[in-house]
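Before any comments, here is the structure.
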Amino acid sequence: MDIILAAVGDAFAWQALLAIVVGTWAGIIIGGLPGLGSVVGLTIFLPFTFGMSTITSMALLIGVYCGSVYGGSITAILINTPGTPQSAATTFDGYPMTQQGRVDEALGWATFASFFGGVLSCVILIFCAPQLAKFAVNFGSIEVFALICLAMMCIVGVSKGSVMKGLVCGMIGFFLSMVGSDPITGADRFTFGSYTLSSGLTLIPVVVGAFALSEIFVRFSSRDDPGAKIPEARLRLPKLGEWFKRWIELVRGSLIGSFIGALPGTGAAAAAFISYATAQKMSPRRDRLGQGEPDGIIASESSNNAVTGSSFIPTLALGIPGDVVTAMMMGAMVIHGITPGVRLMVDQAQTVYSLFVVLIIVNVAMLILSKPSIGLFRYLFRLHQGYVMAAIVMFSFIGAATVRGNPLDLVVAAVTGILAYALRRADYPLAPLVIGMVLGPELESSLRRGLLIKRGDFFELLTHSGISMALFSLLALLIVWTVWSSIAQWRAAARNQPSYD
Amino acid sequence: MKAIHHALALMIIAGASHTVHAQETLEIIVPFAAGGATDIVARSFEPVFSEQLGVTSVVRNLAGASATVGTTEVAKREGNPNIIGYAPAGSLSIQPSLKDLAYGPDSFTYICRTTSNPMFLMVSRSSDIEDFDQLVAASQEQPLLYGSSGPGTLPHLAAAALVVESDLDASHISYSGSGPAMNALAGNEIQFMADTETILENYDLRPLAVFAAQRIEGYEDVPTINELGLPEMEFSVWQGVIAPKGITEERKAQYSDACKATLESDRFKSFAENAKAGIAYLGPDEFESFVKERFEANKQVLHDAGLID
């Protein structure tokens, strides 16, 4: 008990609170700017933490992390350009709502869902970390492969109009993710002898090109007045009654995010897509999904923010970083003399408890700071659209260049932008491209690892374990259901057609 | 129009100030993403090092392709006295044999080796394998799998060399880093792995042997590979400072003196203790011959394991 009180005291020290406010605020702004995401934000703030105490530096970094995951949704909703890849799924319903003049409501749902997901995952982290960590350990390559296959089904749902076009874009994304070194053998693929290509294409430049740049091309080539203003946005949090109606969606999204976050190597972008795919099958309002339905925003935002809390599960319980971001946190801990690992919870209990408290305060701070942050974006977007777009192009390129300092990434962003513009003009949906790019590498490497483990036997892959069998059966069911319902739709449409014989 | 004039003037000033800046600043290339294990060592090394040299320095992370992108950048700047690289073992002594790179062991001015940590052969503590003989016996019942943090990394090479030289029957699966590989080890997807003391201490692991010439302090009951009746094998994860070719002897001496002083500083020492980075200084000449010797040895392992022709 003394330890807990001391831990709470550490977390409420003024330095820590100041760090939380500064970090969360900066995180929201950085996340909101396309191209600058969680990793860039943490890279900017990491050097500042060297002179701080452990809890203060953790508070700053956690603030930046959680804030940036939330901040990505603001630009996703306002201008159809996700500030971070984690919020790509928020554009599916967020932007249509803006077009319908429901921007305040969309921002409110995104904010509330982010807060809810963040807090629920903290609770799960505090109470179920050891159990979930144990379960995640049994979630091997084959189970991950089954899970990613399920997530891939989401491509069907987001391909409005033509599944074939969606699959084409998904394949393009998958192909782009294959450029570079083979994950298993290390051999070069699709590099055409160019040395710069052998490091592969990374997600940020592709997302920046596909969403931010293509959106700008579309805006400037459309017949509308290029000086048109971006809608004035205010935050309107959902009322208690409204969120009560959708509590199942909130809880489901948060649980999916919490679970995915606990698995090493998946991350918030994948969680958002998986959660969105689930909502497409399970939401009572699934027919309206993709046309401006709050359930879509909830699915995406509650799950990506739930990852922030639960990604600490493998880090704290096993010392295994769940993603790049937690790997950076582990690095910061090492600098302060804390070695993450199996004994961390025992040896450093006070620090771990403070970390829990900090996580919860950060989420509350995020809720409070959301209003002024959106106000700031409203103020910025009041400028002539041309200036806003120019700034977005600039930030997009800065973001693309800072990820790993490779000039090739600027070319990648520009080329993807042009390609994405052409695809949009031909009515191809872009979301599958990003889904392919996000999930492709993990799909490929988990399948190939699974086949290595089973020595090339596909059938054994399917019957590997109870979890994998359940997941593969679910996948088969989903495929049958999707095909069945599209045949039924097609028949109904054919019946309603007047016959001319 | 006025706005454009102002903007142009500003850009020229910005451009010019950059040139001045570039002359006085030392650029330290870290071929890994910010926040990674090597980056943290490099960033703790940098402030003390530049203080010793009396210059300002900037760390530039240039990640990708198993650290070869950043290492290439250093090799390309022949004759530039204001750039150095903080390079890991893999990009200097393994990757040039695996890939067609723009550099080789002769492309650098070697400054110093900073740290070196021996590698251990380890299994999960939940497994009932207690020593190397049991591991071999288990592998003959059913072939085993070993993991690594990526194809062509030191964990891959060390285990591959062991499989070639012993009766161990095992094949390789690569993961996207040590973390995911540890998850797989804990879930028994893979059965053993070679990695450093940091990994060994942080996770629930049991060391079976050490890839070093002598037993390691603190692990006196862990036998060396040689003691197991196998040929001597030395694998360690090391890092060092490199500069482009064609810099003056004077500059080289300045760098290596600063490096030595950094490694002896209390600030870096206390960091190294926390991060479990074993300080292992080698001067310019010893470091150069060390890299070349490791390059040849690793090439032989790659060849024996069938990874290169």
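A Cβ is built for glycine as well, from the same backbone N, Cα and C atoms used for every other residue.
Features reported for this protein in TrEMBL:
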type: DOMAIN; residues: A:17-435; note: domain 'DUF112'
type: TRANSMEM; residues: A:12-45; note: transmembrane segment
type: TRANSMEM; residues: A:57-79; note: transmembrane segment
type: TRANSMEM; residues: A:106-128; note: transmembrane segment
type: TRANSMEM; residues: A:135-158; note: transmembrane segment
type: TRANSMEM; residues: A:164-180; note: transmembrane segment
type: TRANSMEM; residues: A:192-213; note: transmembrane segment
type: TRANSMEM; residues: A:255-279; note: transmembrane segment
type: TRANSMEM; residues: A:316-339; note: transmembrane segment
type: TRANSMEM; residues: A:351-369; note: transmembrane segment
type: TRANSMEM; residues: A:381-401; note: transmembrane segment
type: TRANSMEM; residues: A:458-484; note: transmembrane segment
Interface present between the transmembrane segment (A:106-128) and the transmembrane segment (A:192-213) (three or more C-beta pairs under 8 A): no
Residue numbers, six or more beyond the limits of the transmembrane segment (A:135-158), whose CB comes under 8 Å of its CB atoms: 92, 166-167, 170, 262-266, 270, 273-274, 276-277, 280, 289-290, 313-314, 318, 429, 431-432, 435-436, 439, 442-443, 445-447, 449-450, 453-454, 461, 464-465, 467-468, 471-472, 474-475, 478-479, 482
Proximity of the transmembrane segment (A:57-79) to the transmembrane segment (A:164-180), 3+ C-beta pairs under 8 angstroms: no
Candidate ranges A:12-45, A:255-279, A:458-484 - greatest C-beta contact count to the transmembrane segment (A:106-128) (under 8 angstroms): A:255-279
Local confidence of the domain 'DUF112' (A:17-435) - pLDDT mean: 84
